[in-house]
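These notes are about the structure you will find just below.
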Amino acid sequence: MPETSSSPEITPEVVRHLSELAKIQLGEDEITLLTADLGQIVSNIAKVSEVATPDIPATSHPIPLQNVFRPDVVGDNVLTAEQALSGAPEQFEGRFVVSAILGEEQ
Amino acid sequence: MTQTDLTRLSAADLSAKLASGEVSSVETTAAHLERIAEVDSEVHAFLHINARAHEVAASIDARRAAGEELGPLAGVPLAIKDVLVTTDMPSTSGSKILEGWMSPYDATVVARSRAAGLVPLGKTNMDEFAMGSSTEHSAYGPTHNPWDLTRIPGGSGGGSAAAVAAFETPLALGSDTGGSIRQPAHVTGTVGVKPTYGAVSRYGAIALASSLDQVGPCSRSVLDAGLLQDVIAGHDHHDSTSLPDAWPSMAAAAREGATGQVLKGLRVGVVKQLQGEGFQTGVTQRFTESLALLEAQGAEIVEIDAPHFEYAVAAYYLILPAEASSNLAKFDSVRFGLRVTPEGGGTVDHVMAATREAGFGPEVKRRIILGTYALSAGYYDAYYGSAQKVRTLIQRDFASAFSRVDVLASPSAPTTAFRLGEKLEDPMAMYLNDVTTIPANLAGIPGISVPNGLAPEDGLPVGIQFMAPAREDARLYRVGAALEALVEDQWGGPLWAQAPELRAGKGVN
């Protein structure tokens, strides 16, 4: 059952930093809520370290397959440029349009 | 047959009637679209209805009339979870960030369903990017449980399960990352199967957690699920995690299982850690009764200790957010989906952050931030690394169990359908709904949920879960169909026959 105590590691500053890493802008109210939620969640899931001793190998994939290759030829599922651009919010002359990469401060 | 009768038929029965010419696909499809028009304003299982369904059905009828040899499910309606991309209907994965997005290609399971002649009726509702256990995290509003419209239909695939339970379709496609097919089946009195990891292609399934996701069937009978798995399973070179195995027919396994012979001498393991505290009385009662039924038919019940299962939910909620935070990085406002430009413009970084703020719902943000934390420098080993070790320990628990038994059994979920809104503000309580289903995803093994009664205290459906070793999906269909035959014999018909009538325009809330 969930413990109610929250993790001391999760502060609003940590959440603000994570939101920058994750590229999600968050309002102050969202940061407050997420700090509390994450604190509770982390205190519940941190127990994985109790049994994860150094002798246990990590499993990244449930049924690992090795060397999944294909012939080095054009596949049968290649999108045309038109298809690739079909969902883009903005395009110009066959290219994706993005805003400035660098801001004034850079 | 009346339109109502057509919507009550199993896919297997429809298949026979379509083949014999007793009914047409156009009639069948019309009956289901009519049912959707009648009840979906209350159930809200669908996000989009296929405007061309009638046309597709007519083409199947024409091909059949021309003497073409068609597969067993040709002409049978199918609902498609919105996580699967489709060229003729929008694919949103339940998110505003993909509102109205049209995929330039079909998911492999969709392409295979079309090739088999199934008639896509529409796209079903789900928790945003499959993150949730109740569909309440859908950006398009929750689905309501047809058994009680004030309750959740499970999640993330609540739309697919509710559509099947409400007779809007006999078959639906779902995806199961931590129980998103099996838990909705449990709370809606339907059947749901998570196949072995890699048994069914995920090409065109909008990825949540790539080491856990698996696509599978939803239906009202074990045989119907088997018929659909036979259509969608098998190697796909577009998915590099797709297993190259040849699979036996799951429908044949279900038919064989229904004779009950499979239960003689079958060793059924009951996991100590997946019962007891936290499990609702009626759920436990029906589980115990089902075990007694199996035992009476010659099965042997063996208690199994799986000491690391208690760490499964914790490991899952590290691995899933970590993988999701990476998979969802592609929603960057450049190639597809929403773009929100902050007032006065901004760099691509600002646009991306503003887009993701506006386009993602609270649960998606919560999990991306959590995943970013679990993967961040200084915490990676303690969290993500440890969770991957727990995964090894859980696989070892399963290996040890399957050296002693043929299948494992547990209640499919700890409780019956809870009320909409009840757990929405408590993420940890919501996460614990998946305690019974998560271990199978972590280990990559197959699981099935079969209805095994109504909880006496609230009259709501309950399911039993069976799990088998990886690649032994057919064993689950045999055992699931055997139990289904036993309980239906007791009830004098399927569980859905006891469902309350949904009436058009019946107001709720």
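Backbone N, Cα and C atoms are what each Cβ position is placed from, and that goes for glycine too.
All annotation found in TrEMBL is predicted automatically rather than curated by experts.
Per TrEMBL, the feature active site, charge relay system maps to B:K81 (among others). Long-range Cβ neighbours of B:K81 (active site, charge relay system) (same chain, at least 6 residues apart, Cβ-Cβ under 8 Å): B:K123, B:T124, B:M126, B:G157, B:G159, B:S160, B:A172, B:L173, B:G174, B:S175. Annotation note: B:K81 (active site, charge relay system) sits in a strand segment as assigned by DSSP.
DSSP assigns B:S156 (active site, charge relay system) to coil, not to a helix or a strand. All chains included, 35 other C-beta atoms sit within 10 angstroms of the C-beta of B:S156 (active site, charge relay system). Under the heading active site, charge relay system, TrEMBL lists B:S156 (among others).
Taking the Cβ of B:S180 (active site, acyl-ester intermediate) as centre and 10 Å as the limit, one finds 36 other Cβ atoms among all the protein chains shown. Residues annotated as active site, acyl-ester intermediate in TrEMBL: B:S180.
According to TrEMBL, the feature domain 'Amidase' maps to B:27-476.
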Quick one: pull the CA-CA distance for B:S156 (active site, charge relay system) versus B:S180 (active site, acyl-ester intermediate), whole Å only.
5
